[in-house]
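Novice: This is the structure, below, for whatever I ask next.
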Amino acid sequence: MMASSTPYAAAGVLAVMVAALCLHGAAAQLVEDYYDDTCPDAYDIVKQTLIEAHQSDTRIYASLLRLHFHDCFVQGCDGSILLDNMTGFQTEKEAVPNMGSARGFPVVDAVKAALEDACPGVVSCADILALAAEISVELSGGPKWGVLLGRLDGLTSSIAGANNLPAPFENLTVLERKFSDVGLKDLVDLVALSGYSARTSLIPRRTGSTTSAAQICLTRP
């Protein structure tokens with residue numbers, strides 16, 4: 001992750017960029033108060049479930065933010081990363097970048113179950129991931145933002161798209177192309193989301209030159 005004076009500041013930058021990715025291509029009808037009438041306690045239910053999960057898994061907040069990013073980078077923020085494999089149907093969960101990396105699915109299931117008890121069939125899984133990401137950042141000491149809600153859950157999954165997630169060994173040219181393809185054309189977005197380190201020992205390996213993306217962002221006008 002990009003160097004920062006505190007882990008909370010780094011998480012804050014990452015969170016804002018994930019929010020930007022989530023908004024890219026989002027429908028205009030997304031609003032913060034989408035569930036105010038149909039499931040008014042949705043936010044509090046998600047938050048309480050995450051607090052309880054954190055008691056037994058201190059990594060869960062970071063994992064849920066990562067899960068949201070992996071979902072949004074493929075087909076937009078549609079919850080398709082949650083789909084399970086079926087006969088003749090391979091899902092994003094089975095993609096190489098998600099194997100052993102994307103985690104937190106049982107907690108998402110717990111959140112969904114709690115919401116179904118309170119307001120059956122109302123809150124989409126895609127919105128659960130968006131809320132869980134924001135709440136995870138907030139509970140970690142990072143910034144809070146208004147989550148735009150009203151997404152529909154995706155019914156298809158793209159293992160090919162998930163296999164195209166940014167990889168830690170890819171150079172700057174490849175990463176720029178991948179981020180540009182999903183509407184993130186600013187190098188600040190790339191640095192925050194791709195996990196760049198500002199340590200000079202890693203710079204030639206990651207970029208193929210002596211100039212890192214982090215340095216480019218810090219020196220640009």
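Backbone N, Cα and C define each Cβ position, glycine as well.
Remember, predicted model here, so these are calculated numbers, not experimental data.
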Novice: According to the record in TrEMBL, which candidate from CYS77, CYS119, CYS125 pairs with CYS39 in a disulphide?
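Specialist: Between CYS39 and the options CYS77, CYS119, CYS125, TrEMBL records the bond with CYS119.
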Novice: Where TrEMBL shows ASP71, VAL74, GLY76, ASP78, SER80 binding Ca(2+), which of GLU92, GLU94 is named for the same site?
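Specialist: Record source TrEMBL; matching candidate: GLU92.
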Novice: Of the listed cysteines CYS77, CYS125, which one does TrEMBL record as disulfide-linked to CYS72?
Specialist: CYS77
Novice: What subset of the recorded positions HIS70, CYS72, CYS119, PRO166 lies within 10 angstroms of ASP78 (Ca(2+) binding site), using C-alpha positions?
Specialist: CYS72
Novice: Whose Cβ lies within 8 Å of the mean position of the Cβ atoms of ASP71, VAL74, GLY76, ASP78, SER80, GLU92, the Ca(2+) site, other than those residues?
Specialist: HIS70, CYS72, PHE73, GLN75, CYS77, GLY79, ILE81, GLY154, SER157, SER158, GLY161, ALA162
Novice: Counting only other Cβ atoms and using a 10 Å cut-off, which of the binding-site residues ASP71, ASP78, GLU92 scores lowest?
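Specialist: Each of the binding-site residues ASP71, ASP78, GLU92 was scored; lowest Cβ tally within 10 Å is ASP78.
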Novice: In which DSSP state, out of helix, strand and coil, do we find GLY76 (Ca(2+) binding site)?
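Specialist: The three-state answer is coil.
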Novice: Taking DSSP as the reference, which of helix, strand or coil describes GLU92 (Ca(2+) binding site)?
Specialist: helix
